[in-house]
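J.: Below: one structure in structure tokens.
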């Protein structure tokens with residue numbers, strides 16, 4: 001997998017996820033109701049900056065004292081993914097979130113491995129310590145214990161919050177949620193985002209002006 005130029009990733013960081021979602025829609029390359037995680041995946045630290053990175057994947061469980069793998073399985077997989085990295089872990093427990101893989105130790109360790117954060121339908125803990133590291137948590141819940149948490153598999157397609165991702169996919173996430181960036185248009189998205197912003201600001205300027213007329217083709221003005 002060939003990584004994008006660093007300046008492309010830096011440009012993507014300048015925009016919030018709603019703007020990126022709107023920009024992607026202008027290319028009409030996927031249904032508009034796909035490509036993002038559902039609201040059940042919460043941004044735990046909404047004050048932290050936009051997260052952009054390549055996906056490393058895995059599955060975990062925390063119920064029952066059953067055989068499994070330690071975090072080194074995930075560490076080794078992460079190192080095969082180009083940076084910056086985002087870990088996406090699907091919690092297979094039903095319901096998920098019985099035990100936390102993610103806390104102070106894992107946040108600090110994965111930060112040192114070049115990861116910007118995690119997206120999981122499971123739970124997280126040690127919020128103050130993880131926040132101090134600047135490690136982003138996007139999670140289904142906050143919990144107390146790690147239970148019997150263990151890794152099951154890595155490097156496989158996973159689904160979190162209804163969003164399916166595979167190793168090497170590109171994610172963009174912030175306080176609004178988690179968005180999958182189509183790599184084939186990533187370099188074109190900043191310019192598309194600027195067009196979206198210009199169109200919206202032009203419309204809002206008209207709405208706020210004395211010339212505003214609700215009978216004057218409002219939808220047409222918004223779309224052009």
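Counting starts with 1 at the first residue shown.
Every residue, even glycine, has its Cβ placed from backbone N, Cα and C.
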J.: Among 79, 125, which is the one TrEMBL gives for the substrate site where 103, 104, 105, 106 also bind?
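T.: The record-listed residue among the candidates is 125.
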J.: Mind checking which of 105, 106 has the fewest other CB atoms within 10 A of its CB? They're the binding-site residues.
T.: 105
J.: Using Cβ atoms only, which residues of the same chain lie under 8 Å from residue 126 (Mg(2+) binding site) while being at least 6 residues apart in sequence?
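T.: Within the chain, residue 126 (Mg(2+) binding site) has Cβ neighbours under 8 Å at 103, 104, 105, 107.
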J.: Suppose the substrate site is 103, 104, 105, 106, 125. Which further residues of the same chain have a Cβ inside 8 angstroms of that site's Cβ centroid?
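T.: Nearby residues not in the site list: 100, 102, 107, 108, 124, 126, 129, 130.
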J.: Which has the fewest other CB atoms in a 10 Å radius around its CB: 103, 104, 125, the listed binding-site residues?
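T.: Relative to the other binding-site residues in 103, 104, 125, 104 has the fewest Cβ atoms within 10 Å.
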